């Protein structure tokens, strides 16, 4: 079996719902008719038109990449800052992947709807945090059956809602 | 909620300004693409590749029916939800005889229970259907001892035979007698309605399967041969009694469709255009009708109920939760 690869999306979901990590890892995408997912797709497709979008580097997919002040800037676009911790770790993961490929980059979280952004940086502390996260994600991915449904506030707006509660 | 588009008029359908443009002799119309679930085509339609590219991109399935209302086929866009894992699980449950039987049995039992609920409704209204209901009950019991899917198909067939015997009692209209089930072509009005309704349901379920990770070619009750869709036929067994059969009883009972809505052609009986339109209107209404879903804790439409059924099947295949068919409350 091919070794399972960590992706930014998995990191993002890890901090929201562990069950979602398991599902996503098996390519079991959420309901594409779900309103929130449609909105997300629209924001993704229609924001920041001037930048180069969706750059794929190995197993990571970067929303936005640009050069600013002679430095490489990597941007991650989110619908809202509600899950800032998730977004931060996701971006840290990209920065760390780039770093191992020999690329130093600066990270910016972007919330176009809120007209807000936040800078993110790799430090020994954040790198350690990231490592722990990745370890636990791998543990979940290799589970035989998905983690049990846990009712959390996120369920209300989740594209897996009907799958979990059917 | 997205809509089903039903096209009866002859005309041209095209892509224009990134949306759908439909032109007939009577007029022109834009159909907002984001609002379309799937398209059912009954009229003569001209279309081109650019249009199919647009519908594929938007993951819209197009179902075609011929002049007689028979299902021809579907334009089923390239699979967009691919999970190798789910395909393997689906195959595993097909190849393992015991696993396959477990799912096939659930479909037949679900079908039987829903048939019984329809019968119960009419028994409570004074119709003499007790004997038939008992026979169905016996057949449901027999599913436990079945050891292959063709045996289960046989039971399912027997259930339908008994159930259809009750149609005359339920409908009680000499213009619509059952006689026996005849398909291609249907030999009387009632058979024509059943055939038409079932093909609508099969195609609708196909559209829903498209929006999940399941492969419609791998069915459990109906034998898979990898050349045609079978999973939609399986799922349809659960919903035929509660969607199509109840619909037929309503249409005839309220005289929304009468004997004049049929014509004789090629040795068979066919529903005329007005009849088809009325049927589809009611079908569409039924799909939009909502019921309270206990586990979800909110109202869901019948169409959504079909999707939930597919999710339940996915959870069964994953090994998370045993599949239990949807049983209606009446």
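Cβ atoms here come from the backbone N, Cα and C positions, even for glycine.
As recorded in TrEMBL, the features of this protein are as follows:
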type: BINDING; residues: B:156, B:222, B:237; note: Mn(2+) binding site
Additional residues surrounding Mn(2+), by Cβ distance to the B:156, B:222, B:237 centre under 8 Å:
B:104, B:107, B:108, B:111, B:152, B:153, B:221, B:233, B:234, B:236
Across all the protein chains here, work out how many other Cβ atoms are within 10 Å of the Cβ of residue B:237 (Mn(2+) binding site).
24
Using DSSP with the three-state reduction, classify residue B:222 (Mn(2+) binding site) as helix, strand or coil.
coil
